[in-house]
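**Student:** What follows is a single structure, and I will ask about it in a moment.
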Amino acid sequence: MKKLKLHGFNNLTKSLSFCIYDICYAKTAEERDGYIAYIDELYNANRLTEILTETCSIIGANILNIARQDYEPQGASVTILVSEEPVDPKLIDQTEHPGPLPETVVAHLDKSHICVHTYPESHPEGGLCTFRADIEVSTCGVISPLKALNYLIHQLESDIVTIDYRVRGFTRDINGMKHFIDHEINSIQNFMSDDMKSLYDMVDVNVYQENIFHTKMLLKEFDLKHYMFHTRPEELTAEERKVITDLLWKEMREIYYGRNIPAV
């Protein structure tokens, strides 16, 4: 897309929202409580603040204020207010390609708000536990929050991810013409690294004329030992392993498709 000469500030709002899910099976009530306590501590308000602070560096944001809170019995939230200084559009990379991974993050430039809320929960009887993190990165100006996508998914180990990206409002060029988007995008997947795309089955639902983009991701490989909490698969009978595998896989598909699947 040809670079635009704008009349004043870039008034477009770009919002990236996504849910990240981690799934686990805990055999006993004590193990379920242990998983909830473990995941609640792993992603407490301080850890989330560190992750979002790095996110600010990726999208080029100046932090104005940080509000964080751990909740009882579980859960946490962090909201960071950020500002954008005038940036020379010639210095901004608007091409459609993956953002940096955690080990390659560097600070540059400067951006509206970034927030995260966590929701640990468990099935009352079935041993299934899920951890959900809701994240929103919303910016005003020339820099896309999609640049933070790679980093956030890598930081929050994810079995299932649902992502929404939307560009709202309009900005004017020097001739007064309105522009409702200022960068090319065909799919959110184009902002992911090849190694990430190789790990997930993905599907897009995009409404191009409304500048709305949606991608769902489901981890391809299933290894039972990665989903057991304080129990090794070899400690179970073959029948128990099959029952637990079926439960986990059904749970993951229901979350991925957003609907309950009847038992066969």
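Easy rule for this one: first residue shown is 1, then count along the chain.
Glycine too: its Cβ is placed from the backbone N, Cα and C atoms.
Quick paste of what Swiss-Prot says about this protein:
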type     : residues : note
ACT_SITE : Ser112   : active site, schiff-base intermediate with substrate
ACT_SITE : His117   : active site, proton acceptor
ACT_SITE : Cys140   : active site, proton donor
MOD_RES  : Ser112   : pyruvic acid (Ser)
**Student:** For the residue listed as 'active site, proton donor' and Ser112 (active site, schiff-base intermediate with substrate), determine the Cα separation and express it in whole Å.
**Tutor:** 6
**Student:** With an 8 Å cut-off on Cβ-Cβ distance and a minimum sequence separation of at least 6, pull the same-chain contacts of His117 (active site, proton acceptor), or say none.
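**Tutor:** In sequence order, the residues whose Cβ lies under 8 Å from that of His117 (active site, proton acceptor) (at least 6 apart) are Gly75, Ala76, Ser77, Ala133, Asp134.
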**Student:** Using DSSP and three states only, what is the residue listed as 'active site, proton donor'?
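**Tutor:** Reduced to three states, the DSSP call for the residue listed as 'active site, proton donor' is strand.
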**Student:** By the DSSP assignment reduced to helix, strand and coil, which category contains the residue listed as 'active site, schiff-base intermediate with substrate'?
**Tutor:** coil
**Student:** Would you count the other C-beta atoms found within 10 angstroms of the C-beta of Cys140 (active site, proton donor) for me?
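**Tutor:** Other Cβ atoms within 10 Å of Cys140 (active site, proton donor): 21.
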